[in-house]
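Undergrad: Below you will find the structure I want to go over with you.
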Amino acid sequence: RIRYKGIVCDRCGVEVTSAKVRRERMGHIELAAPVSHIWYFKGIPSRMGLVLDMSPRSLEEIIYFASYVVTKGGDTPLTEKQLLSEREYRELKAEYGNAFEAGMGAEAVQTLLANVDLEEEVTELKAELREATGQKRVRAVRRLDIIEAFVKSGNKPEWMVMDVIPIIPPDLRPMVQLEGGRFATSDLNDLYRRVINRNNRLKRLLELNAPGIIVQNEKRMLQEAADALVDNGRRGRPVTGPGNRPLKSLSHMLKGKQGRFRQNLLGKRVDYSGRSVIDVGPFLKMNQMGLPRQMAMELFRPFIMKELVKRDLAGNIRAAKRKIDRRDDDVMDVLEDVIKEHPVLLNRAPTLHRLGIQAFEPVLVSGKAMRLHPLVTEAYNADFDGDQMAIHVPLSDEAQAEARLLMLAAGHILAPKDGKPIVAPSQDMVIGNYYLTTEEAGREGEGMIFKDVNEVRTAYQNKYVHLHTRIGIQTSSLPAAKPFTAEQRSRIMLTSVGKLFFNDILPEDFPFLNEPTEANLHEIDNRFFLEPGEDIKAHYAETPILPPFKKGYLSDIIAEVYKIYKVTETSLLLDRMKDLGYDESTKSGLTVGVSDVTDLKEKPEIIADAHKQVATVTKQFRRGLITDSERYERVIAIWNKAKDDITEKLIEHFEPDNNIFMMSDSGARGNISNFTQLAGMRGLMAAPNGRIMELPIIANFREGLSVLEMFFSTHGARKGMTDTALKTADSGYMTRRLVDVAQDVIIRELDCHSDRGLDVTAIMNGNEVIEPLYERILGRYAQKSVFDPETGETLVNHNEMITEDIAKRIIEAGITTVTIRSAFTCNTEHGVCVRCYGRNMATGDVVEVGEAVGTVAAQSIGEPGTQLTMRTFHTGGVAGNDITQGLPRVQEIFEARNPKGRAMITEVTGEVTSIEENPADRTKEVTIQGETDTRTYTLPMTARMRVGEGDRIHRGETLNEGSADPKEIIQVRDTLATENYIVHEVQKVYRMQGVEISDKHIEVMARQMLRKVRVMDPGETDLLPGTLMDIAQFRDANEDTLLKGGLPATGRPV
């Protein structure tokens, strides 16, 4: 209880009560003159302007006292809302006296707003809409929208002008005393002070009956002060504080990433969290992380206290707290028990997809760095060069259960974007397993036959055989669960020492892996078996060695194991694969030295030849046989070919036991272009403006670069750095917008019973397959049954899920088009149904009702965005080739902007009758004779044609190379064609960069892009012509009208 509660001090007016009222009690300023609210006057479109049907410029003149406005015409020739200058006003006043009324400032606007008869306006606008076209119609639709909103909500238009300004509670605009008696205060206090000062001055002036011009000036200043308070900088120059810094107004407090919503309401800093550098924890299991004792102590403090009191190790909470601060031995014992079975969440910024936060069980470690399991680094995109991660402790039982059941790292083996394992071994683990499964011909002990694995181990430990030695083993000694045939069991199996050890880590009943092929994942080939007594050494002398298991194959093994055994067995296999990989890579002793980079003897020859070709091209240019841009293109092509030739020769020269080659071949680190730069030539570089320079860097890093070459390569290096920084921000922003659009797409029901489907074929780019049919149909439901064209056998029934086996059989039957259920043709409102979505990529099972597929889709498209190349790549300003690629192209598609390097679409089906060039205005004219009419299209001279004279062309096809505008496709063809185009284009960009994304994610996004309909004819519905609305609402309105027997509306998708 507070003494003197509720008593108000008579000196300073402060009430005695609890301090928290300083966060809830508000004040207000009663204004001496009304002021307009800048949001309603300055917003786009201006709400005041729409209600009054006046231009924002006229309103500004009235509100800021530049012009008078007639508020009541009376019996004079003046009309309401007519603007008058100071001089005109004086002259008219002299002529008509008080027969008319005019005013200026927010007061006049308030009067005008109060005069608006909303009901009447609605009737008039609806009538106008029936006749109006073009801009007039657009304006009418906007006005009707806002006026109907006023009618529905019961708000009055004159309330857009304020007579009273509220003041937010004092604790939300704090003032703190600094040392030295100065004060630091929130900007809002400054802004409020300006309003109060001007308001008080205005009151005094009005009491004194000051001259009109002074009062007007004061009212304008009050209006400006109120504007600055609500949204500083929206109109005119912002009000600045000390050091010319614009003050943060109420709007700034809410707006953007640092505003109230995104900073404090959607994402808060939380207790029981920490952050530290991460380090690798090779000793951890798949679901564990190493937690430094010091951090554990703080994070689990309340749990430890409770346990200490419970075990009578501390008398009360305060004693327990002291014990923890002293780091007593009791505390350490309790800590071990407390963290058992208590999962924690680890997060690494930027969190681009849902695998950026996963749950682990903590294991106490010494030191100050958190230890992360090496296999989850890929999901987090983490490395150990100083990255930091945040840790959070779920407190409630529900939170812990959720973390355990849904978020444990061991359960996230497949990536949601493409359904491929995301926890595949990398780097050391890959090279270890690669080294282990390598075979070498003629190693010590080749052709020895052993009775079982233990004998092989003994022989290996005693150096009778090498890891790479090819040997034989009695098949009957291998585990009984292995799927060998009876015939194979009775024979000797041919394999290598390392492969025997590798197969030890696989599940008991998994096929014995002897060669990295898809077939071997299901059964082992008979050619690896010999009858007892056959000459094994002679056999080995004739058979070539088998390739080792590379990174991709290890991934395939994991995917196959996951498919058969699901989560638990897969995470155990992953841990065994990791341990084996680390052990073997340590034993292999792989290094990189200068001697691994060998000189290429053919290089001088290739370079000399390229120089000769360049000289020829230059000569042709000097004689005027070719243009400068053709010369440039040819030079670039010559050097690119020279570089490719050198690369090819390099690969031929590499020995299979060259350490660098092994690293790259296994997929552990590095690729061919790194080699070309080390041992071949660096090649062409891009100048800062993105144009490729004609002078290549001929040297490689083994020889060393000259000063000029070094200088050239700095351009490329700088561009690389800036691109990466820009790309990360761009990609993150794109993900945010995608999520925003798609977050309400959820799996709502089992089946929408749609009778439409999507015909899918392989996605091609010219003759190159970008996405094969197999990947497009896998995990989807068939809309129509598919039959084998030869045998007539049913491969898949209507509404049946296409599994790996079915997809394989469809491809083997030579079928090129399959009709599947798709998100495009789904009838479910506000979401998608299970049948139209198909398999959940992250689990490999059918998607469940309630899954937030929209968010998953947005993350799956946004997350690889950082891997896409930035910028458009200019090969020397040749117009035909300036087609956007990479991230900007993806943004261009999703925002439906007019594409750069646009391709013209034909609106008629017919024959190309002529292509005429007009050198004068640098254009080409293409004429197409359709069945009913002839069309002529004008293209730039530089456009690369896809059609020639006499070609037949179909409506909706492109005439020249480039990107079509989806907005044109939707007008010429239909929604489905547009959605299909979007999927194809996005896939092209991602697949070119080697990023795989499942179609269904792009389908979900494309469906959201085409969700709106523009009402063309409202029929007898309540819809307004020209309005944009959601397709579901449009259908509902039509269904209601049809039930009442009225005419339905017609609309056009946009």
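Backbone N, Cα and C define each Cβ position, glycine as well.
Remember, predicted model here, so these are calculated numbers, not experimental data.
The Mg(2+) binding site annotation in Swiss-Prot covers Asp383, Asp385, Asp387 and rests on sequence analysis. According to Swiss-Prot, the feature Zn(2+) binding site maps to Cys752, Cys826, Cys833, Cys836.
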Undergrad: Starting from the Cβ of Cys836 (Zn(2+) binding site), draw a 10 Å sphere and report how many other Cβ atoms land inside it.
TA: 31
Undergrad: Of the binding-site residues listed here (Asp383, Asp385, Asp387), which is spatially closest to Cys836 (Zn(2+) binding site) when Cα positions are compared?
TA: Asp383
Undergrad: Which one is it: of the binding-site residues Cys752, Cys826, Cys833, whose Cα lies the shortest distance from the Cα of Asp385 (Mg(2+) binding site)?
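TA: Checked the binding-site residues Cys752, Cys826, Cys833; minimum Cα distance to Asp385 (Mg(2+) binding site) goes to Cys833.
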Undergrad: Would you list the other residues of this chain near Zn(2+) - those whose C-beta lies within 8 angstroms of the C-beta centroid of Cys752, Cys826, Cys833, Cys836 - in sequence order?
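TA: Nearby residues not in the site list: Glu749, Asp751, Ser754, Arg821, Ala823, Thr825, Asn827, Thr828, Val832, Val834, Arg835, Tyr837.
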Undergrad: Starting from the Mg(2+) site formed by Asp383, Asp385, Asp387, give every other residue of that chain whose CB sits within 8 Å of the mean position of their CB atoms, in sequence order.
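TA: Near the Mg(2+) site, the remaining chain residues are Ile278, Ala382, Phe384, Gly386.
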Undergrad: Using other CB atoms within 10 angstroms as the count, which residue among the binding-site residues Cys752, Cys826, Cys833 scores least?
TA: Cys752
Undergrad: Return the member of Cys752, Cys826, Cys833 nearest to Asp383 (Mg(2+) binding site) in space, with distance defined Cα to Cα and candidates limited to these binding-site residues.
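TA: Looking at Cα distances from Asp383 (Mg(2+) binding site), the smallest one goes to Cys833.
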Undergrad: Out of the binding-site residues Cys752, Cys826, Cys833, give me the one sitting nearest to Asp387 (Mg(2+) binding site) by CA distance.
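TA: Nearest in space to Asp387 (Mg(2+) binding site), counting only the binding-site residues, is Cys833.
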Undergrad: Can you tell which of Asp383, Asp385, Asp387 has the least company, meaning the fewest other C-beta atoms within 10 angstroms of its C-beta, among these binding-site residues?
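TA: Taking Asp383, Asp385, Asp387 as the binding-site residues, the minimal 10 Å Cβ count falls on Asp385.
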